[in-house]
């Protein structure tokens, strides 16, 4: 197949996904649900961050999660233990969630009984960037253990983020990561995104993530 044909197919796929994403967002708005798409590589700390958010927000908000994984229900089972309603989504060989899959997951949730929806995307820093799920905010989680050049190597996904979380700052010295460089890279690539330096071991910076969630709720509602 010629390159032009391949590009046309890709454009059609993204266009169809955008229509479904807008449909998902309209449905969430109708029911007053504020949704967040958590993106990041495997091991960046997405699941643990979501668990901590559930623990700290569940007394104030009714929370549900959609957990994307290539196989099994590992992350979904972890989140359920923290008291959230969780819908697992297995993507098989696909490296990202899409609006079609999320739309089906929404059918398994009673949206009238949900205030916040946390969607954990498949662990990947490339594919998820192009596929709007219908969420209101996108959060990208990067860890110092991935290397301090990870942010500048993945500008595409960084440009889509509303919040960039630089996680595992407590391990920066051990792995030789320059936190300031990572922070500067994030701000240079996406000046509009908020940037938070985080350690889920010491909980440094976690209050700023909570503030972002709370502020987002006020913006959307």
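Just so it is clear, glycine is given a Cβ too, placed from its N, Cα and C backbone atoms.
Note that the coordinates shown come from a computational prediction; the quantities given were computed from them, not determined experimentally.
Annotation source Swiss-Prot lists region 'G-domain' at 35-196, citing similarity to another entry.
Following the DSSP three-state reduction, the secondary structure of residue 95 (Ni(2+) binding site) is coil. Proximity of residue 95 (Ni(2+) binding site) to non-local residues of its own chain (separation of 6 or more, Cβ distance below 8 Å) is seen for 70, 122, 124, 126, 127, 128, given in sequence order. According to Swiss-Prot, the feature Ni(2+) binding site maps to 95, 96, 127.
Residues or ranges marked as Zn(2+) 1 binding site in Swiss-Prot: 95, 96, 127.
DSSP assigns residue 100 (Zn(2+) 2 binding site) to a helix. Per Swiss-Prot, Zn(2+) 2 binding site is recorded for 100, 104.
The binding-site residues in question are 96, 100, 104, and the one with the fewest Cβ neighbours inside 10 Å is 104. The Cβ neighbour count for residue 127 (Ni(2+) binding site), using a 10 Å radius over every protein chain in view, is 18. In this model, the region 'G-domain' (35-196) carries an average pLDDT of 95. The residues near the Zn(2+) 1 site, meaning same-chain residues not in 95, 96, 127 whose C-beta sits within 8 angstroms of the mean position of the site's C-beta atoms, are 91, 94, 97, 121, 122, 124, 126, 128, 131, in sequence order.
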